[in-house]
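Trainee: I'd like to ask some things about the structure below.
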Amino acid sequence: SISLLTTTASRSAFLLYLNVKFVPVFEYLLTGKLAKPSVWLSALVAVIGTSLLCVDDGGAASLSPFNVGDLWSIAAAAASAMFIITLEKSAETVEEDQTVWLNAISINAVAVGALLWSVAGHGGNVAEAALDLQSTFTGNLYPLLYLGIVTTALANYLQTQGQRGVSASTASLIFALDPVWGAAFAYVILGEVRRNRDQFSINYRRRF
């Protein structure tokens, strides 16, 4: 969320997908488990393909230089990789009918962490944070319901169910579709490709 303040949705989608490379690396560092060569090759191909899809303005990277938002996206990718690895271990220890509780605990941990972050962002003033939370909720009811129910709770539940029988490295490869959907929705909803192309045309005319 913080990264999107200073970078584009399509570019963030690509950087977030770097978790596909982080997962086998973290697995090796933490557990000594070395992924198969096919996993590394698939990850490399996926990253190259995604970069071609998400690069700003067909290669005009100078229009969108690397910024702090990109760093936040990379940090989120690292956190996502650790989540995938941890979820694999956790999902294996619970019965299928208990995955909903595993998901509930995970979501509640996120909620508590977000509340603490919000309070800290208001200098520890709980009353001010509560007022900001109320105004944010009332002013963005439908988007927040969608983000909370569909893209967080439901997505986490489906991921928990899926990783019961899929390794962390394989799961990260399946998530290769993340930036594809991210780039598609950025184009349809935000019109990012059109805006980048218009900006490229303006800069081109100024230069020549």
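Even glycines carry a Cβ here, placed using N, Cα and C.
So TrEMBL says this about it:
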- 12-30: transmembrane segment (TRANSMEM)
- 69-193: domain 'EamA' (DOMAIN)
- 71-88: transmembrane segment (TRANSMEM)
- 100-120: transmembrane segment (TRANSMEM)
- 140-158: transmembrane segment (TRANSMEM)
- 170-190: transmembrane segment (TRANSMEM)
Trainee: Taking residues 6+ outside the transmembrane segment (170-190), which of them lie with a CB under 8 Å of any CB in it?
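Mentor: That would be 8-10, 12-14, 16-17, 19-20, 22-24, 39, 42-43, 46, 50, 53-54, 81, 84, 88, 159, 162-163.
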Trainee: Helix, strand, coil: count each for the residues of the domain 'EamA' (69-193), based on DSSP.
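Mentor: Summed over the domain 'EamA' (69-193), the classes give 109 helix, 0 strand, 16 coil.
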